[in-house]
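According to Swiss-Prot:
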| type | residues | note |
| --- | --- | --- |
| CARBOHYD | 70 | N-linked glycosylation site |
| CARBOHYD | 77 | N-linked glycosylation site |
| CARBOHYD | 95 | N-linked glycosylation site |
| CARBOHYD | 98 | N-linked glycosylation site |
| CARBOHYD | 114 | N-linked glycosylation site |
| CARBOHYD | 129 | N-linked glycosylation site |
| CARBOHYD | 208 | N-linked glycosylation site |
| CARBOHYD | 271 | N-linked glycosylation site |
| CARBOHYD | 319 | N-linked glycosylation site |
| SIGNAL | 1-22 | signal peptide |
């Protein structure tokens, strides 16, 4: 038996045993169903007009056990994809006892034709219990559905990114405040009353409370279940500057290359007006023969420019545009070497300041 089939059999055996021995721990999962501390996906844009089962559904994958991007084993709309495996925790909560919480937010709700501009542009999902859980931050509109895994057909055309991080329970007290600042459009949630004495804001947001005072912005230090350090930048609609130029670059003390959706007549130009500059990425290369324009890419990430003393990578849910400077949203950043190298080698060209 080859390594890949053997690994698949072992992962299936693990889940079979978990049904007997107890519920598997809530964590990010790889394509074999194995728990990982974190993973990142980069869904590639649809680059052909021809009908194809795979077009717009392939993705690059990186996790805490790897050192570089890998082509996914499955398409992103498969329940065997890393997202499909991980989100099974969400769908299992519908059949569990009241010991698991979840919260889903997106300004584009699955099945709706409208977008909620009164809320933040934030997109994400949390599932957790009193031991640990995960936070998925992503750029995909109308995702995920509440009752079963599907990837939206509207998400095939453009590139998309997301990061899943496994956190111990204590970190959800920090995330609780970050969610308040983001002003998320929560379209499904369940938080058992046993969580309420530790979590102040998420239960009230889940109950659609209108009496919450929203801070302008907040920076939180977070630590994954296995100890990887992150910082999370959360801004509300009351912070009306470009989050990249006005805050992230200056706080991290690094020049940034930023990839966000470059929609015509809405993008902000590269900015060198402050001590630390932000340059718009113009094209991305997966291989020497496979590349695409940032206009085909709905992903949102930035990375320190080559030669920087501080080598940061950030992934989030806001574009560099005038409209989104007025929306809530955020970015989670890390100095992990392998994440930095993986993203830094993707950019092909960026725009200089005028």
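Sequential numbering from 1, following the chain as shown.
Using N, Cα and C of the backbone, Cβ positions are placed for all residues, glycine too.
Residue environment of residue 319 (N-linked glycosylation site) contains 28 other Cβ atoms, counted within 10 Å of its Cβ in all protein chains. The distance from the Cα of residue 77 (N-linked glycosylation site) to the Cα of residue 319 (N-linked glycosylation site) comes to 24 Å. Closest to residue 98 (N-linked glycosylation site) in space, going by CA atoms and restricting to the glycosylation sites 114, 129, 208, 271, 319, is 129. Residues within less than 8 Å, Cβ to Cβ, of residue 271 (N-linked glycosylation site) and separated from it by at least 6 positions along the same chain comprise 242, 244, 245, 277, 278, 353. Sequence-distant contacts (6 or more apart, same chain, Cβ under 8 Å) of residue 129 (N-linked glycosylation site) comprise 26, 99, 100, 101, 169. Cα distances from residue 319 (N-linked glycosylation site) to the glycosylation sites 70, 95, 114, 208 are smallest for 114. For residue 95 (N-linked glycosylation site), the spatially nearest entry among the glycosylation sites 70, 114, 208 is 208, judged by CA separation.
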